[in-house]
Amino acid sequence: MKMRVHLLAVSVLLVVLALQTTPAEADINSEMATCACQLIYRPVCASNNESYSNECVLKCASETPTGRSIGLHKVKDGNCNGEF
């Protein structure tokens, strides 16, 4: 029973995250298939005003063709919150 509830919660979270993906982020995410980052939530704000779950994920995104073309880099620790 607990496993079903947990699985349902994870499924709902994945659907919500998929619906919030922007076109530029979708390009970067589709290029990041080979990255292996730990599932640690320590958000960082990037130069594209997107929050990444941790520095490893941001580094991975910055090394994609799209990330390199836009000069993706860390701006600050924490979520972006639409600050710029």
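Backbone N, Cα and C define each Cβ position, glycine as well.
Among the candidates CYS35, CYS80, the disulfide partner that Swiss-Prot records for CYS60 is CYS35. Looking up CYS56 in Swiss-Prot gives a disulphide bond to a cysteine among CYS37, CYS80, identified as CYS37. Rounded to the nearest whole angstrom, the C-alpha distance between CYS35 (disulfide bond) and CYS80 (disulfide bond) is 23.
With respect to CYS60 (disulfide bond), the closest of these recorded positions in Cα terms is CYS37, chosen from CYS37, CYS45, ASN49, CYS80. Of the candidate recorded positions, CYS37, ASN49, CYS56, the one lying closest to CYS80 (disulfide bond) when CA atoms are compared is ASN49.
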